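S.K.: Structure incoming, see below.
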């Protein structure tokens, strides 16, 4: 009874909408087929079976299909004994007392094997997709972590080496910078010392130049002072009374022309190169003026003309010797000028009586020489 009640319970929810559905319900039909194939159910009359199936919620079409599929539509119970009142027998539930012929068992075993294979396959896939990655993933993670730790240790070692190298390079660079700074300071000191020495040398050179300039100026002054005074005669002079006097020849045109211009008293014997404006010296002592007497003054006194000429020649020679050290070109010009002056003076002397005033001779000679000439 309990099994029949359990079979009725799952079929009750589907019995209510059974009459309304037009399409046959295959699960109910299959259950009815199994129910009809039961040996005990076959012994029951057909009407009882139909009534029981209708009670379970199957329609007439479904019941007919179930009878056709089960092959029990023509089964009728055979009468064994006398007619006895028919007692309705409650059919047992299919699951509680299944009909187990040989074919159905193998089908059940096959279905069970398929179900077990599906479950095993599901477990295998679950294990492969989820459990195995978790297990292997942990191992891979461990290996990856180990590899990462090894790489980190290598990196830390390389970083430490690079840091030490950088520190050594920085120390060497700092040392080089310090050396360069020392060299720069030394160069700066050397430059300062060189500047100081150059400045002192320049000051000393300027002082030496100033000293040389002062010495040159003093030498110039000495030379100029030397030229301001007439030189003393070195050669002895002939007395005036021993010098023969020649009368001027009337045929010389220079004497005639000079007699006409004998009233000109000053005559300069200096050359243009020895002029006071050119040399930059004072005209005192560097110029020589001569006063020649005309025909009116010839009778006033007798003068030694040759002595005067000798004095003039000596003075010109001394001047020429002084000027030879300075400029050679000026010497040549002075020679020409001196010869011209001497020629002119000789021509002037030819026109007179050969005597010049004694006072002019005293001015051109030193005191000792004038006294000697007077004694003679």
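Using N, Cα and C of the backbone, Cβ positions are placed for all residues, glycine too.
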S.K.: For which of 16, 275, 282 does Swiss-Prot record the feature phosphoserine?
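M.R.: Looking at Swiss-Prot, the phosphoserine feature maps to 282.
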S.K.: In Swiss-Prot, which of the ranges 46-69, 70-93 has the region 'Disordered' annotation?
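M.R.: That would be 70-93, the stretch labelled region 'Disordered' in Swiss-Prot.
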S.K.: Out of 96, 234, 334, report back the residue that Swiss-Prot marks as phosphoserine.
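M.R.: In Swiss-Prot, 334 carries the phosphoserine label; others show none in the record.
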